[in-house]
Structure formats: structure tokens, C-alpha cells
Amino acid sequence: ELVSCVGWTTADELYSCSDDHQIMKWNLLTSETVQVVKLPDDIYPIDLHWFPRSTGGKKQSYAESFVLTSSDGKFHLISKSGRLEKSVEAHGGAVLAARWNYEGTALVTVGEDGQVKVWSKSGMLRSTLAQQGTPVYSVAWGPDSEKVLYTSGKQLIIKPLQPNAKVLQWKAHDGLILKIDWNSVNDLILSAGEDCKYKVWDSYGRILFSSQPHEYPITSVAWTMDGELFAVGSFHTLRLCDRTGWSYALEKPNTGSIFNIAWSIDGTQLAGACGNGHVIFAHVVEQRWEWKNFEITLIKRRTMEVRNVINDAVDLLEFRDRVIKASLNYGHLVVSTSLQCYVFSTKNWNTPTIFDLKEGTVSLILQAERHFLLTDGGGLYLYSYEGRLISSPKFPGMRTDVLNAQTVSLSNDTLAIKDKADGKVIYIFEALSGKPLGDGKPLTHTTEIVEIALDQKGLTSERKIVFIDKNRDLHITSVKRFGKEQKIVKIGTMVHTLAWNDTSNILCGIQDTRFTVWYYPNTVYVDKDLLPKTLYEKDASEFSKNPQIVHFVGNQITIRRADGSLIHLNISPYPAILHEYVSSSKWEDAVRLCRFVKDQTMWACLAAMAVANKDMATAEIAYASIGEIDKVQFINFIKDLPSKESRMAHILLFSGNTQEAETLLLQTGLIYQAIQVNINLYNWDRALELAVKHKTHVDTVLAYRQKFLEDFNKKETNKRFLQYAEGVSI
């Protein structure tokens, strides 16, 4: 009879249930199949979901029990050995789906009677979330287990568990919606309908992808755990797709309709419940990684092929266990299998460094130039490329299973992680010690953050982080906080995707309809008005909608379009060379380079870099070349100042840091200059306050104030000035 549902207990063991009342256990390592239990003849199983493995911080290696729903309106809690522990009357008509939440503290069931019910772990009814007149075919928990998504005919509905919170509802398909899935890592929703389409939505109900109509209704969809891929099942059809919707592969197995798809825990294989009584198993192969002149393909589950495209040399890498995740960058290939981690240098493919993994299933590998980060269900681990464990950072409420490349960023000295519980917070760690940076306070923004990225080069004290928030605004700020609150500066709007360069601090991104490169993002802290002059912009319409930047290596940018095709863009190599000169303080070479290239953008970058490094001679040349005469004049004025401290203070003023400039002048005892700075900026109250506090130049301040008022024919209204004016003759 037809197989209705399947579910994995470990990465290699699967349970399946069928209308012939049997629950079968499949072991993929030994290829044996055992009947676990024969259900009573009146129970026709519909849906099965294993109790989550990581509950209360303890991580079990396999699931202990599962919930099984059936056509007689009950759901059954069944142990791994097949013992029926409890049956609960739940719905009128069949119970069409049941799902445990991520913590294993609640179970949601939906049925033909149009009800959505939430139950406790032991099967006691907690609440009826919703009632409607049509059957609910499918249900899914939101990433934080606080919302439930369910189907209502052609509509999708997201309902929070809190009473009287706002319910989100939208029309999603032109036919009945048969299956949905909501991923906890990327927060995206999949839906499959009788209109023969599958669609990808974000959690606000905005459509990100809609497929072409197929020949038959789509009967199943399922995300992998890490949210990078999803599978689609239909009649005689199995499809593998990227998270953005485009299709990697299409298989036409002889299966009837595939009613249910379950991904194994490590995301390397899936099982499908087929209408003709078969269970189909499929493995994901042929993933590809590219870096500079190397192209690596996973050709079998345990074998990789490395091609060097320069000389067409081919190497085969064999592994003991199946490959789960891999990453290729910065001259190293890091591969995690189910038990071990291999680190290859691209210079030598024969002798990898191999070390054992604690937990197994690695969900993310991130590389920086000097080290790499592994995350698994148990924590975050930073390793050197020699295979030595450097640190394993921890923070309160850490959930490592929901981290991905958008929410974690690694550089040579810093690790940044977006908090899952509060989306406005970024935790920042020192990579080598694993301790929180600076005073240990995380970085907090005003709205929710979507994506973060650390720059890769330069001094630790100047490390910058950029992030995109929910409104798609791009902000930059400094990672190091010396007590003072570092400004968060907005440098872009409607930014969909971004990447830092691997060899210099150049940032690229796609804003709305323009592809933009920020050649020197630090400009905002030096001379904000210069920023537009340090950008390179180009029309991005050729990338179609929703493109993603994959790599930014050297001066080549790789962009993946929404249809899955890759586009390579080259940008000018000169800004990177300029960065290199400046980082080694070769100012004359930098000026020579700019004179050779004759490009305004380059001069603008050089001007900002020179001011940032307090090299005023170079700054003067650069500003003169882009025609900023007022700034040249101010730089000349700075050069003629008598003392080093006042020069420093005026450079700070030049960059708009008035507070720091004033503090510096006061510290070095240049009180008159500090007062004069405030007068020049029309900060009258502050100027007077300083004068009174230091009992000096009160008359000067009053004189300037009087002249200012006379120029504008105004009367003095400020109480403090009136009070002091009485006692001082000017």
C-alpha cells in the first residue's frame, strides 16, 4: 500500500509508515529493513514527526519517540521500539499533520475539521489556536517556536501563540495548498499547491520565488536543516532546489506521487514516501566550490575531484566517511565528514591535516586568512589551519543550529555573531581567546539586523563591521569600543547582498538597481562628504532580480543570478594597490599611482586615507586634485599651527569629531583654543561654560557673542550671558 510518511532517527536510520499498517525501520549502513510494529487495522497513518533531539541543552545522538497521526482523529505517541505509549482523541475526521516545536515542549496538530490545536509534551490539550470551515492540510512552527504557520484552502496564515497578537494571512496559490515548510535558519517559507507550483516566501508573506507550473500537483516540499537547499516532490518527480528557488536537479523516479519528504539530520540525503508503496532514497552530490584557479566537485559521497584550471591537473581526494560540508577559501579546503575534519592546503593535496570532531554533524564552516570556524549542534569552534583548537566562544542563549553565513562573520582577529533571540544585537568576540571584545557589551542597533560582515584586512584596532537591517539599509561601525560610543553610520540603502574583498578593505554590494563598490568605506569617519566620490557604481539590471554576491576575490566579483547562473565582474585593480601602499605607508608611491591612473575616485580615496593616517601633506595634494579648495585651505591652516597637539585637535575637527578635539585641547591645557573652537562652531553655551570653569577669557566670549548679535540685529536673550555681561566690562 501507499507509504504516507517517513522520518529519520539518526543520519542513517529511517522509519516509514504505510497504509498496510506497518512501521518499518531502514538501516542504510547495513541495508537491512525490519518491521518495528504492525499497527491495529483501524489505524491508517498520515503523518510522523520525531521528537527533537536537542532538548534542554542536552544533545542526544538519536531521537527517542515520535508522534504519529491517523485517519481516525487521533494522534499516537510511540517509542522508538514501537510501543504505543499514548493515543489522544484530537480532531473530528483525520489528523492531517503534527509537528513538535524546536524545544520539544509543545506539539501542534491540524485536521480535516479545520482546527489547529496545541498540546503539551505529554499529550494534554493546551489551546485551540484556530477554527475554520475547511481542512488544514499542513502546519509548521516559526523559527522561535512562537508562531504557527498553517494552510487554509489557497491561503497561508501565520498565527502567533500569544492571544490578540497580529495574524498574517495572504493568498499564496491558485489551488489548494498541500504542504508547507518553514526553515529556522533562513526564516523562509515553502509552499506547494494543487496549482502545480511551489513557491518561496519570506516570513512577512512577500514572494521570493514562484516556479513554473508542473504537470501534476506538488505533493511535498522540505527544507534541509541549514536552509541552503530544499526538495520538491510530485507525481514521478523529485526536484532539488537552491534556497533562492532555482533548480539544481530533476529526477523522474517511478514512484507515483511522493507524499512526504524527510531530510536526514546532516542534510546529505533524503527519503521520500511514495504512492506506490516504495520508499525512495536520494543523496546530494556534485556540489561545487571555486576559488581562484581551483574548481572542486563532490563526485561521489566520499570522493572529491580537484581541478586546477591553469594546467588541467586533476587530483582525487578520498574520504573515509561521507562528506557533509566543505569550504574553499584563502588557499585552504576544509572538509567535514560525519566524524572527522580534513584541512588541505591548495599547494599540496596529498597530506591533509585530519582531526576528529566532537559532535559530528557540522552545520557551517567559515574561513578567514589565518583560521576557520566550525559550528555544530554543540557549539562554535575556532581552529587554526594546522588543526589546533584556538577557542570556542560562548554567549547566553546560544543556539548554534540556527547560524548561517549571513549571521556569523569571521576575520583574523574578530568573530561577530548576530543574536537569534534579539535580532538587534551583535555579539563580538576576540578570535584568539574566545572572550567578548572590549568591555564585553554587544553592539546594539535600533532595528532588526539581517546580515553582518567583518572586513578582513588592516589593524585590529580599526576593524569595521557592516550590517544590513530589516529596512535594507547598510550601516558601518567600528568593532573596537574604547568606552566611547562609536557612531553607526548609514552608507547605503536598499542593499540586498554584500561582500568584503579578501585582500583589502573594499566592500561591494547591490543597492536597488545599482551595483556599488565602496572603495574605502572608512571615509565616513574621516570626511563624510567625500563618501559619494569614493564609490564605483554600475547598472545592475543585467543581474535580474534578487542576485546574490558569492565571492569577492582579488578584483573579481562572482554574482549568482536568481536563475542560478553565475556572472563574473571585474573591477579596477588600482584601489586595491592603493590600499596596499597606504597600509605600508608608501605615500609617494600612492600619489604617483593616482597621478598615473588620473581618476577622481582614486584621489578621493587617497584623500580620505591620508587624513585617516594623519598625513596632511598627501591629503593636501589629493584634495587639490579633486577640487576641494576649502579643505586644502583648512589643511594649510592646520600645517601652520604651532603645537603638535593643536594640529592633532584640528585634524579631529576636520573629520567632524568636535568632542574629541575639545577634550584633546583641554587635556593639553590649550584652553583658549578649546573656547575658540566652540565660538567658531557657534556653541556659545559651551564656550561660556569652559571660560567660566577655567576662569579665563570670559570677556572674549562675551565680546564675540555681542558682535554676533550686532551682525544680526538681535537682542541678548540667553540668561547666562546676561548674568555675566553685568559683571564684565567689554
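For all residues, glycine too, the Cβ spot is worked out from N, Cα and C.
Listed in TrEMBL:
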- 286-574: domain 'IFT80 second beta-propeller' (DOMAIN)
- 602-730: domain 'IFT80/172/WDR35 TPR' (DOMAIN)
- 88-120: repeat 'WD' (REPEAT)
- 170-202: repeat 'WD' (REPEAT)
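The helix, strand and coil residue counts that DSSP assigns across the repeat 'WD' (170-202) are 0 helix, 17 strand, 16 coil. Along the domain 'IFT80 second beta-propeller' (286-574), the predicted structure has mean pLDDT 91. When the domain 'IFT80/172/WDR35 TPR' (602-730) is classified with DSSP, helix, strand and coil residues number 96 helix, 0 strand, 33 coil.
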